[in-house]
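Asker: Mind having a look at this structure? Questions to follow.
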C-alpha cells in the first residue's frame, strides 16, 4: 500500500469496517492522536526526524519511501509523530532570532518578527499552500480509474513541511553569513549571490513538492508541478539583468513588519 486513502475502505467479512477500526481511521481521531503527542516529548523520535531533515537535502526520495513504509506498517500516510514539526519550529525560531541579530533589531522587534514568521510565513502560508495543493491534486490529478482514492490533507501538509525545511535553512540560515558583507551591497556580486540562493531555495521547494505528489501512483501528470521551474529561472535572469536584490527587499520588508 502507498500513501493513499480509499473511499471504499477494506472490508471485514460483512463488507464494512468494525466500529472500533472505523473510529481509529477517522481524520479526527488521527488529528487528536497527533496533537496529543505534541505534549509528550519522550514519545517523539527526534533521531528519526533529524535523519529525515538530513535526507531532504541529500536524497529526498528516501524520505518519501519512508512514507510508503509507514502506510504499510501503521496504515498512516501522514506523519503520526510531531517530532519533525517540533524540530522545524526550533529551526525557525533560532534562524529568525539570527535574522533579527543580523538586521540589528532590538529585543521586542525580534519577538515581533518571530511571531510573524512563525504564524504567518510558516503556519498561515503553509495551511494555504497545503489546502490549495490538496484541492488541485484531488480535483485534477487523480486518475479516472482511481476515483476511489484521494490525497489526504495531512499528507499535503507534510509535503509542504518537507519542502519548506530546505528553503528555511538556505534563506534563514546559510544566507545570514553573507547578508551584511556581500548580499546587501550595491554590487553585482551582492545581488548575484543573494538571488542565486533564492533560486536554489525555491527550486528545492518545487522539486521536493513534486517528489511528494509523484510518489502517489493514483495521481497523473504530476510533472506539471515542475513547470514553475521555467518561471523561476526566467524571473532569476530578469532580476540579474535589472539589478533586483530579493534579499535586500526581504530585509526591508522584515524591518517594515516590526515597526
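A Cβ is built for glycine as well, from the same backbone N, Cα and C atoms used for every other residue.
Curation does not apply to TrEMBL; its annotations are automatic.
Annotations for this protein, taken from TrEMBL, read as follows:
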- 1-24: region 'Disordered' (REGION)
- 1-15: compositional bias 'Polar residues' (COMPBIAS)
- 83-102: transmembrane segment (TRANSMEM)
- 114-136: transmembrane segment (TRANSMEM)
- 163-184: transmembrane segment (TRANSMEM)
- 196-219: transmembrane segment (TRANSMEM)
- 225-247: transmembrane segment (TRANSMEM)
Asker: Are there residues at least six beyond either end of the transmembrane segment (225-247) with Cβ under 8 Å to its Cβ atoms? List them, or say none.
Answerer: 175, 179, 183-184, 188, 190-192, 194-199, 202-203, 206-207, 209-210, 213-214
Asker: Counting only residues 6+ away from its ends, which parts of the chain sit with a Cβ under 8 Å from the transmembrane segment (163-184)?
Answerer: 53, 56-57, 88, 91-92, 95-96, 98-99, 102-103, 122, 126, 190-191, 193-194, 197-198, 200-202, 204-206, 208-209, 212, 245, 247-248, 250-251
Asker: By a Cβ-Cβ criterion of under 8 Å, what residues six or more beyond either terminus of the transmembrane segment (83-102) are in contact with it?
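Answerer: Here the qualifying positions are 38, 41, 44-46, 48-50, 52-53, 109-110, 113-114, 117-118, 122, 161, 164-165, 168-169, 172-173, 176, 179-180, 254.
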